Every structure is written in structure tokens, then in C-alpha cells.
Amino acid sequence: MGWAIALHGGAGDIPLSLPPERRLPREAGLRHCLHIGVEALKAKTPALDVVELVVRELENIPHFNAGKGSVLTTQGTVEMEACIMDGTKRCGAVSGLTTVVNPISLARLVMEKTPHIYLAFDGAEAFAREQGVETVDSSHFITPENVERLKQAKEANRVQIDYTQPLHKDEKKETPEADGDSKLGTVGCVAVDSLGNLASATSTGGLVNKMVGRIGDTPIIGAGTYANSLCAVSATGKGEAIIRGTVARDVAAVMEFKYVSLKEAAAYVVEEGTPKGNVGLVAVSATGEVTMPFNTNGMFRACATEDGYSEIGIWPSVQN
């Protein structure tokens, strides 16, 4: 047994031609956040604290679709959501946040300071003020890049995934990703500490040009986020498909009921249980196993284990 950590910055149709100005900052962000998580685990920080710490840092990096980088609704507003859960099945979730700097920390406060699991919209904002967490004007979260993404999505009359490349005017009629149920660019982290404690945390801004009030898989226990005594899972991809497939819980269930390894369980859920092009996930087991499968053409991801293995990648590699 040893510690292990994995994190993601979104899965989806990430083209090999992704411009360096969009690729390199995300890779640097993953590397930075992986380092923070590894150092915390080496210092014997509990897994729950580690995943919160890492996701807070991811939320503060505007190149990801969470916190500062959250994509915009059809009305040009932000509605952020997050979830955190540990191996004892304690959990907390929030949705519809417009002013909270770090939604993942508010989700943890819901878990620890209320009798509930999930708070949303005005109630979640009021709870944030009661708890004294850092809040700012909602304009803080609105980046020029996401204003431009919303403009493109509106012109194409579609709900747009985070990594979709800009459309040229003569391409509008093709409306790629016209199914409209994509939610890519989410951030997440899973960890197991040296004592075998597990935790998972996920945070997102949702999807470009989404309806106001739409809730995705991220804050739904068992869909985008799950942890129990066997494993911790954080998913990313097309939110509605992940909800339908209860993806994160299914990984744990396959381990529990089929008595297979984490890697086998996650591979089964991603390759057999979810339609291709819909999902990626990161997961760790109580024994220090780590896996990062996806059935999209790419996923921003990173991992490290106590025995010295580490990986940072986007597209399929030998390990996948």
C-alpha cells in the first residue's frame, strides 16, 4: 500500500491540432497541481485535504472550466458546481454558485457544517456568506476567452463543449456536437493517502451556452463524483451521459460485485458501460492503484504514485 493521486482537466474531442496557447497553459497547470498534491501526500496530509487543496488550485487557474475559468450560460452568467466525498461516504455538493471563489471548499463545508449533502443557488450563496468563505463580484469569473466562446456558441445555435475549436462562418451549418449535452473541461482530483484513506473532488462551470439552472453530473453523488472504502473516482465528459450511466458509482460497484481490480473495473465502465466519446475518469484504489481511462479522443490528466511513477498526458498513450 502507498499513496497515489490523479487529476484531470477535462475529457472530450481535443484535437491533435489544439493550439499551443490553449494546450501548454493547461499542461503547466496540471504539472503545478500534481506537484502540490504529491508534496502534500509526502507530508502525510489526509486525502480529503489533498483533493480539496488541488481542486482549489485548479479552480484558480483560468485555463480550466471551473472557478475562475468557468464557461458561461446562455445569459452570459456563471453557475458553478462542485462536489467532494471521502471513503467513509461523507459528501457535500453545491450548484448554481455565482460569487464563491472556490466552490469545492463550500462543498466541503456543506458536508461538515450542515445535516445535508447538497445546497444550490440562493441557498448555497447564503450559506457561503454565513460561513465567511471568500466571495467576489461574479464578473471576476468571466474571462475574455469564455465571452468569445459564448458568442461562437450562440452564433452556431448550440451548446458547446469546452475544447471545441472556433467555427468558421461557412461551417456553421454542420453544427458539430449538435446533441447539446456536452460538459467538458471539468476539473477533478482523487487521492489515497499512506493510511489508505480515499477522497474525490470535482468542480466545473458546466457547459458553454447551457440553460440557466442546468445541473450536470459533477455534484451528483455516484455520477461525476464518488468514493467509498474501495476507490475514489472523478469523472468528466458529457454530463447527461455520465448521469444516465452513474459512471463513478459503477466503477466502485464493479469492483465490489465482480471482485476485480480498479483498472479492470474502470476500463469496463468506460469501454463497455458508456457510449464512446462520452466519458473519461481518474480513479485510485485503497491499495494505491491508479487509472485514468477515457473513451473520448483526449483527456487532460496527470497522476503520481508513491513508488515513483508519474504521468502527464492529453491523448492516448501506451499506458492507456
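We count from 1, first residue shown onward.
Heads up, the Cβ atoms here are built off N, Cα and C, so glycines get one too.
Taken straight from TrEMBL:
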{"type": "ACT_SITE", "residues": "Thr186", "note": "active site, nucleophile"}
{"type": "BINDING", "residues": "Arg214, Ile215, Gly216, Asp217, Thr236, Gly237, Lys238, Gly239", "note": "substrate binding site"}
Is any of the binding-site residues Arg214, Ile215, Thr236, Gly237 within 10 Å of Thr186 (active site, nucleophile) (Cα-Cα), and if so, which, in sequence order?
Thr236, Gly237
Taking 10 A as the limit, how many CB atoms besides its own sit near the CB of Asp217 (substrate binding site)?
30
Most Cβ neighbours inside 10 Å, all chains, among the binding-site residues Gly216, Gly237, Gly239:
Gly237
What are the non-local neighbours of Arg214 (substrate binding site), defined as same-chain residues 6+ apart in sequence with CB under 8 A from its CB?
Thr73, Glu79, Gly206, Leu207
Tell me the Cβ neighbour count for Ile215 (substrate binding site), meaning other Cβ atoms within 10 Å of its Cβ, over all protein chains shown.
19
Among the substrate-binding set Arg214, Ile215, Gly216, Asp217, Thr236, Gly237, Lys238, Gly239, as the record gives it, the longest Cα-Cα distance in Å:
16
Counting other Cβ atoms within 10 Å of each Cβ, which of the recorded positions Thr186, Thr236, Lys238 scores lowest?
Lys238
